[in-house]
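Heads up: the structure comes next, in structure tokens.
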Amino acid sequence: MNHLLTMSGLTLNEIENILHEAEQFSEGNSWKVDHQMFVANMFFEHSTRTRNSFEVAEKKLGLEVLNFYAESSSVQKGETLYDTVRTLESIGMNGVVIRHHENNFYQELVGKINIPIINAGAGTGEHPTQCLLDLLTIKQEFQTFKDLNVAIVGDISHSRVAHSNYDALTRLGANVVFSGPNEWQDNTDKFISMDEAVREADVLMLLRIQHERHEGKMGNSKEEYHQAYGLTIEREKTMKKHSIIMHPAPVNRGVEIADELVECDRSRIFKQMQNGVFARMAVLKRAFETKKINELTVQL
């Protein structure tokens, strides 16, 4: 079963294959399922980019899409995630895309659910499809990951994006460092100052402050954070000539990055969003191609 749960669960060969498929889609290649198949998008946290780019990707592949809304479902009556997914499987879903506030929500599903499960963001744990679209964006820019200097800046300890990207980029040969407030450091000794991160990075990956995970507590005001850890106009001038700016979005303009820099020549923020469709098409193709093969095997 070709689930996508974590980046660490993918081999380097699998990552490269997914990126190759995504590049093919970005160049205009197409692929569609050859018979009716259904996928459920189950988002237990708010989303704009991930939910909508998954839906666009699904429709481009010819999949029938069911958008599940937890607030109007039997989840409100106490139904478990397992029973909810098992119900959707029973009524004909061929795969599920799930965003959930629990880091390891998929553990209660794997081995019990017989359809592909795609992690669309798990608490503060991992966000593999965001990582894949980030990798695609970096590959398009530099053609390689080896020896690239990547600085991930901001709310590291609460960021599933940071965790997924660190795992994949390190295995692909990049040099990954972190920067941000001391209280948001993760279990790593690779923290450097913001000014050094900006100067040395080939890829400067800024992260949103996860306000919803801080229980209303922040040591700095937004203005103080921007001056201490944000990409200001003055800091941007110290970046290498070829370096790029990335951000998984949503962007807090004037906090993580100066408003004027969100769409500057270095910025690949909206390119990342565009690549999200192609990366998710590749992930879905991987899941549903295998699903089709498995179904044919059972029929034989």
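Just so you know, glycine gets a Cβ as well, placed from its N, Cα and C.
Curation does not apply to TrEMBL; its annotations are automatic.
The record from TrEMBL ties R49, T50, H127, Q130, A249, P250 to carbamoyl phosphate, and of the options R99, R268, R286 it ties R99 to that site too. Once the Cα atoms of R49, T50, R99, H127, Q130, A249, P250, the listed binders of carbamoyl phosphate, are compared pairwise, the greatest separation found is 16 Å.
Using a 10 Å Cα-Cα cut-off around R160 (L-aspartate binding site), the binding-site residues R49, T50, H127 reduce to H127. Note: the CA-CA distance between Q130 (carbamoyl phosphate binding site) and R208 (L-aspartate binding site) rounds to 14 Å.
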